[in-house]
Protein chains: 2
Amino acid sequence: MTFPVVGMIGGGQLARMTHEAGIPLGIRFKLLSDTPQDSAAQVVNEVVIGDHRDLETLRAFARGCDVITFDHEHVPTEHLRALEADGIPVRPGPDALVHAQDKGVMRAKLTEIGVACPRHRLVAGPADVAAFAEEGDGFPVVLKTVRGGYDGKGVWVIKGADDPAVAEPFKAGVDVLAEEKVDFVRELAANVVRSPHGQAVAYPVVESRQVAGVCDTVIAPAPDLGHDLALQAERMALTIAKELGVVGHLAVELFQTRDGRILVNELAMRPHNSGHWSMDGAVTSQFANHVRAVLDLPLGDPRPRQPWTVMVNVLGGDYPDMYPAYLHCMARDPQLKIHMYGKDVKPGRKVGHVNTYGDDLDDVLERATHAAHYLRGTITE
Amino acid sequence: MTFPVVGMIGGGQLARMTHEAGIPLGIRFKLLSDTPQDSAAQVVNEVVIGDHRDLETLRAFARGCDVITFDHEHVPTEHLRALEADGIPVRPGPDALVHAQDKGVMRAKLTEIGVACPRHRLVAGPADVAAFAEEGDGFPVVLKTVRGGYDGKGVWVIKGADDPAVAEPFKAGVDVLAEEKVDFVRELAANVVRSPHGQAVAYPVVESRQVAGVCDTVIAPAPDLGHDLALQAERMALTIAKELGVVGHLAVELFQTRDGRILVNELAMRPHNSGHWSMDGAVTSQFANHVRAVLDLPLGDPRPRQPWTVMVNVLGGDYPDMYPAYLHCMARDPQLKIHMYGKDVKPGRKVGHVNTYGDDLDDVLERATHAAHYLRGTITE
């Protein structure tokens, strides 16, 4: 058998769901996980426990893998270059991945290739921040550490020159990026998948609703998005994938501004929360297409199977055990799709998501929202 | 966390696909498998290697499982009773499962509850077979060993009283059942799932096309099946599930006779080849519903997501390695759904299946058939 072995670095839910998508393809999965309790480590047969920041651990893990891919962006770029030098295909490769690891590198590159971004500049301290504000529309200004942030962490909104928070980002010892606070009407995401031989597919552009900086609800496709804007967003994502040499799934988080423009917020080079709807809503899920891309297999059809799909994240709430809630949720909605990650419940932690689909957006949205809130314990009927 | 542990006995592809369906529910899976190379053993985290015919192995395996279910019917009935006596829920239970293990018991029970079967009788030797033929329409007569047969094995068609094959079935040392050779126009299958609290769902009745006694193609729903016959077949399956106390998936293989009747051929109390189409074609797959049933969770919607779904089995052919064929199959049909089982290719062995779906049956049938034959190596373009 020449069925390949995919080496997945990181044991989170993205690895778990990628494994799930790889099973029907007969692909062997090997996982490098921090602990045996990690989300993916519970459901994969071949699990290596080790530190993804240690090059020798990575090298030992990579032996016997035909290709390496990722659950997260935290492997040091120089280690990825070392693996490549050893002859292991790393997908996405370090030259692409650095744009998802470092927001400063990302902003510079997108600007270079003509993709619209918020106004931005690397800043060295509070004085730079004040100067950046003055050259634009003043405060508020957004500050981000260029590495290490996620789900609203590593991001500060500075209200004025005398805002004491302005000193915070500079304490982390990493570069800090200042950005205009975009006046957006909503957030969108354009998800595309690209293979080494250059084939690419685009999922429909989705609307992503955040609560407290964390993705809460995704609607596919984004309601009332004009054809021109949708096409512009898809082209933007396909251009980024090509120009940055991305292999695998690329999520481009976007702002739709009040004055009708589309600006890039963040990039992720792996399956992404804004693509979870595709597991039940698209012909080929983002996870299946990520696997196909990293193996350089022809990509699957990304189109939706019905007019509307809604995903709502299940966040940890007050109840440590969500299983009893299955009874009510499943009985209420026999079409509901539950995806739990096997993670311990902690307040605010993403522990699962639900998908619903159908012809009537109001109905689909109500069903997904109800189920997620019932699982969280914020409603009891 | 009270998320339950499902103990699956048997490491075949049905266990593999049941595990795949259990992952999104956050269900922990524990597998008892003959070897670490078995289909499911490759993709499950907790694997115990052991003999399912040994009671102490079963008892040790069952500790730490909340419920036991099966990939096959080969666990001795008395061992299942012992596990039940130990307090382990066994689903389906031994009193139900015996009807899928022993065709003599099955025929007697179905006749008792008024479900139409081919004319049949337990026979002790060739003289009994001749008498059975004489009382009906003569030869041919079908002989089956009551235990141990599958995919056409353990079945003989006896052409006349002097057919030397008539002695064969009696050599195995198990009871032999004689049945009329039914004059059928096609084979159908009615798949239902039943939970301990008595909820049941029925999948649409499918047409199952056999080649050399092995399921080759399944069309969902069965084309040109009248509403009355479809309803009759569904009711038959629901009646059997209820009267036999089945928990989990029940497949009822049926003959549609030339004179317009429906007769039961075989029963299987586990996910079944005739239900594989549901993985991509139904709102809830047979595997997901089997998991929900054995955990006594409310069942999911069994309805199809589009007018037609076709499944074609991938049988081992001349080429030992099917992976290179992915390139052509995936490029030709981006909507194709491949399901491979991680099994070594042997001629005639079921090593995977493909699903296609859509609005046009001819197109859907052509795409699935092409892909399966290309993977088998019987066509090269």
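The backbone N, Cα and C atoms fix where each Cβ goes, glycine too.
Not measured: the values here are computed from a predicted model.
Record check, TrEMBL: ATP site residues include B:Lys103, B:Glu179, B:Glu180, B:Lys181, B:Val182, B:Glu187, B:Asn265, B:Glu266, and the candidate from B:Lys144, B:Lys153, B:Lys159, B:Lys242 also listed there is B:Lys144. Neighbours of B:Glu266 (ATP binding site), defined as other CB atoms within 10 A of its CB across all chains, total 18. Largest Cα to Cα distance within the recorded ATP binders B:Lys103, B:Lys144, B:Glu179, B:Glu180, B:Lys181, B:Val182, B:Glu187, B:Asn265, B:Glu266: about 18 Å as a whole number. Neighbour counts of Cβ atoms within 10 Å were compared for the binding-site residues B:Lys103, B:Lys181, and the top value is held by B:Lys103. Mapped onto three states, the DSSP output places B:Lys103 (ATP binding site) in helix. Under 8 Å, Cβ to Cβ, and six or more positions away along its own chain, B:Glu179 (ATP binding site) finds B:Pro118, B:Arg119, B:His120, B:Val141, B:Val142, B:Leu143, B:Lys144. The Cβ of B:Glu187 (ATP binding site) lies under 8 Å from the Cβ of B:Glu207, B:Ser208, B:Arg209, B:Gln210, B:Glu253, B:Leu254, B:Phe255, B:Gln256, B:Asn265, each of which sits 6+ residues away along the same chain.
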